[in-house]
């Protein structure tokens with residue numbers, strides 16, 4: 001019975017992890033930007049959600065949508081600032097790594113200065129009252145709400161990529177940015193939009209992440225970034241569908257480890273990351289090994 | 001007025017001069033060959049005309065408008081088509097999506113012309129371009145470039161990765177493409193094949209055009225035949 005519990009919990013968390021990581025993969029896929037501030041964007045989404053809940057009594061589920069427009073705007077502005085240096089760089093991946101490491105540090109410091117260093121949480125009762133019973137087991141209701149919210153959000157990103165013209169252009173750039181320019185796609189414009197969308201979906205998951213990770217605090221960014229990297233590397237870097245597979249594998253593996261090897265479970269992201277990099281560097285769904 | 005006019009074009013890549021003082025003209029319905037050995041600068045020349053790399057000096061005009069300072073998307077919009085020497089297709093997209101992306105700049109998804117020219121593609125529209133045979137992939141690459149309805153099509157290595165039979169079959173579509181009022185610039189290493197296809201050829205060596213003329217003129221020059229054909 002415990003095994004079933006771990007698998008169901010793993011799937012619920014897996015859907016959340018897919019939502020948590022998809023923005024990182026989108027941003028990486030298009031411009032090879034390694035966004036080390038990914039977890040900090042989630043953290044800011046979390047604080048926004050906390051603030052909106054306590055000041056304006058806005059449900060965190062609504063905040064999932066509310067944080068999107070300002071983050072898209074912020075994404076455009078950031079993209080304009082970094083686009084020049086990145087397109088001139090000989091090794092844009094490395095430059096983006098350093099740039100966003102700096103952004104990560106700045107965001108963490110700013111939030112600490114203005115909001116203090118304490119962990120904050122939003123009560124589960126803001127989303128749901130009581131547990132959910134499923135197959136004879138009882139689960140926290142928020143897990144189901146968050147997983148349920150993750151499905152349409154991830155689904156929207158996938159629909160956008162596979163069913164809209166802009167999404168098709170985005171995937172063309174992911175496949176080969178130079179050839180995309182050679183067929184007349186405005187690579188800069190589409191990349192800026194994708195960067196904005198990627199950041200927005202990341203802030204968006206932040207609004208409900210506190211229910212799954214126990215709260216929000218200014219220093220949580222690094223761990224969330226590592227977690228998201230593990231998920232997208234497992235699934236396949238640059239493959240958006242792979243993020244869902246990666247999230248589910250990660251979620252179930254983590255819950256099973258918590259059941260059978262609890263003291264080792266926090267190693268799971270690193271172990272899975274290393275295992276994938278050693279044995280299937282292109283990720284579970286990947287066909288080609290990345291050149292870099 | 002010629003469709004494309006390139007005047008005194010020079011390009012440096014990483015501090016090294018790759019092209020020097022290149023001038024040529026192409027009109028619609030012309031099929032022009034640019035031939036030369038590996039590393040002569042042929043691909044660089046096409047990339048410069050497409051706006052994918054910066055030129056050092058010189059001027060590129062399309063329909064009499066100087067496009068030297070414009071980005072690639074603006075040049076494609078001004079009816080320039082490019083089949084690059086890379087994959088030429090987006091492997092992770094279906095054939096239909098590849099064609100759609102090619103047509104985006106014009107805002108048109110009408111694939112009829114492409115299917116007329118390359119009927120083989122009709123049956124693999126929903127296949128991923130990465131899963132096609134080399135020949136179909138090259139057809140898809142041509143189709144993708146033609147979707148923007150260019151009046152000038154630049155082709156980097158027609159025979160890239162193809163067997164001689166497939167390369168010949170693809171070469172036979174060139175006059176059909178030209179019949180749509182499309183000028184063609186064909187870049188090739190295979191000088192023999194190119195001379196059988198083009199109206200005029202430019203031979204590029206060490207980043208400069210060393211000789212040009214119609215196939216008949218070139219073949220009547222003993223020094224040209226000796227230097228470029230006997231060795232191959």
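Indices start at 1 and increase along the chain as displayed.
Using N, Cα and C of the backbone, Cβ positions are placed for all residues, glycine too.
Taken from TrEMBL, the feature transmembrane segment applies to A:6-28 (among others).
Within the chain, the transmembrane segment (A:35-55) has long-range Cβ neighbours (under 8 A, six or more residues past its boundaries) at 20, 23-24, 27-28, 62-64, 66-67, 71, 96-97, 100-101, 103-104, 107-108, 111, 115, 120-122, 126, 198-199, 202-210, 216-218, 220-228. Residues annotated as transmembrane segment in TrEMBL: A:35-55 (among others).
The transmembrane segment annotation in TrEMBL covers A:61-82 (among others). Long-range contacts of the transmembrane segment (A:61-82) within its own chain (CB-CB distance under 8 A, at least 6 residues past either end) are made by residues 33, 41, 45, 48-49, 52-53, 96, 99, 103, 127, 145, 149, 153, 191-192, 195-208.
Remote same-chain residues near the transmembrane segment (A:94-115) are listed as 31-37, 39-41, 43-44, 47, 78, 82, 85-86, 218-219, 221-222, 225 (criterion: CB distance under 8 Å, separation of at least six residues from the stretch ends). Feature annotation from TrEMBL assigns transmembrane segment to A:94-115 (among others).
According to TrEMBL, the feature transmembrane segment maps to A:141-162 (among others).
Sequence-distant contacts of the transmembrane segment (A:192-213) (same chain, six or more residues past either end, CB-CB distance under 8 Å): 13, 16, 19-20, 22-24, 26-27, 29-31, 33, 35, 38, 41-46, 48-50, 60-61, 63-69, 71-76, 78-80, 83, 120-122, 124, 127, 142-143, 145-146, 149-150, 153, 157, 160, 166, 170, 173, 220, 224. According to TrEMBL, the feature transmembrane segment maps to A:192-213 (among others).
As annotated by TrEMBL, transmembrane segment applies to A:225-252 (among others). Within the same chain, residues 6-7, 9-22, 24-26, 28-29, 35-40, 104, 154, 157-158, 161, 174, 268-270, 272-273, 276-277, 282-286, 290 sit at least 6 positions outside the transmembrane segment (A:225-252) and bring their C-beta atoms closer than 8 Å to a C-beta of that stretch.
The transmembrane segment annotation in TrEMBL covers A:259-279 (among others). Same-chain neighbours of the transmembrane segment (A:259-279): 2-3, 5-6, 226-227, 229-230, 233-234, 249-250, 253, counting only residues six or more beyond its ends whose CB sits under 8 Å from a CB of the stretch.
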